[in-house]
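This report concerns only the one structure given below.
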Amino acid sequence: MSFLAIDIGNTRLKWGLYDAAKPGARLLAHGAVFLETIEQLAEQDWARLPHPTAMLGCAVAGDAVRRRTEEQLELWDLTPHWVVSQPVGGGIVNGYDHPSRLGSDRWVAMVGARERILEQTGPGARPVPAIVVMVGTAVTVDAVDPDGCFIGGLILPGFGLMLKALEMGTAGLRVPTGDVCEFPTNTSDALMSGGACGIAGAIERMHRQLQQRCGVAPRILMSGGAATKLAQIMALPVEVVDTLVFDGLLRLASDRVAAGLA
């Protein structure tokens, strides 16, 4: 039994094929395409893959993109299943005012982070709290307490959106290809460093608040296209986990199988 995990963000679709629908399953193949080229999946990326027997995905790019993806899944006559955030599930208690309105990618990433923390917690020890950071078109910074309760989070513009906003709202500034540095001495570096420091500051503030609330230092788990770049400038220890969303989908898929829903 092979399992297909799909993560549709605002810019790209990422997929992973696993040998089973359970945590710790072996990754057989993976890839990513821009949303504009989804129609090529069945003829290119997926053409030579083994036939998956189940799939689960999360999608934040809207119904139209999800339907386009489902058309590609017809290659295998595969019934699509998409995550909707729940009040409780995957080891996470959803503290959002309206739980179903929490972005499914955020919820799935928290499930993946919680699974990772529980695996690394010794017998009889209490899990540590976590800051779950997704660095993409937007940046999300979510707090999970030691009991697995999501207690709140932040949404910020990502690097690209910050730079575009400055380009549109100011005279004489163009989107740069600058570097992140401590003391920028040119406009390109100043813009890139300003965006990076703004995101890093939000994460560090959330870390401080969660530590004050829980009485123990949280772990920061970070994923997304620019995660490695951002982690390098953080003043706090950061674990970059590229598969955080896929790990969450594996846990949720396993729960579906156990409940007889798959």
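Positions of Cβ are set from backbone N, Cα and C atoms, glycine also.
As recorded in Swiss-Prot:
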type     : residues                                  : note
BINDING  : D7, I8, G9, N10, T11, R12, L13, K14, T137 : ATP binding site
BINDING  : Y96, G103, S104, D105, R106, T187         : substrate binding site
ACT_SITE : D105                                      : active site, proton acceptor
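The binding residues for ATP are recorded as D7, I8, G9, N10, T11, R12, L13, K14, T137; their greatest pairwise CA distance is 14 Å. Sequence-distant neighbours of S104 (substrate binding site) (same chain, 6+ residues apart, CB-CB distance under 8 A): C58, A59, V60, W82, V83, V84, S85.
Taking the centroid of the Cβ atoms of D7, I8, G9, N10, T11, R12, L13, K14, T137 as the ATP site, the other same-chain residues with Cβ within 8 Å of it are A32, L35, V60, A61, G136.
Here D7 (ATP binding site) is compared against the binding-site residues Y96, G103, D105, R106, T187, and the shortest C-alpha distance is to D105.
The binding-site residues shown are Y96, G103, D105, R106, T187; of these, the one with its CA atom nearest the CA of L13 (ATP binding site) is D105. Under the DSSP three-state reduction, L13 (ATP binding site) is assigned to strand. A gap of 22 Å separates the Cα atoms of T187 (substrate binding site) and T137 (ATP binding site). When the alpha carbons of R106 (substrate binding site) and G9 (ATP binding site) are compared, the span between them is 11 angstrom. Annotation for G9 (ATP binding site): spatial neighbours V60, A61, D105, G136, T137, criterion Cβ-Cβ under 8 Å with sequence separation of six or more. Rounded to a whole number, the C-alpha distance linking T11 (ATP binding site) with G103 (substrate binding site) is 15 angstrom. Mapped onto three states, the DSSP output places Y96 (substrate binding site) in coil.
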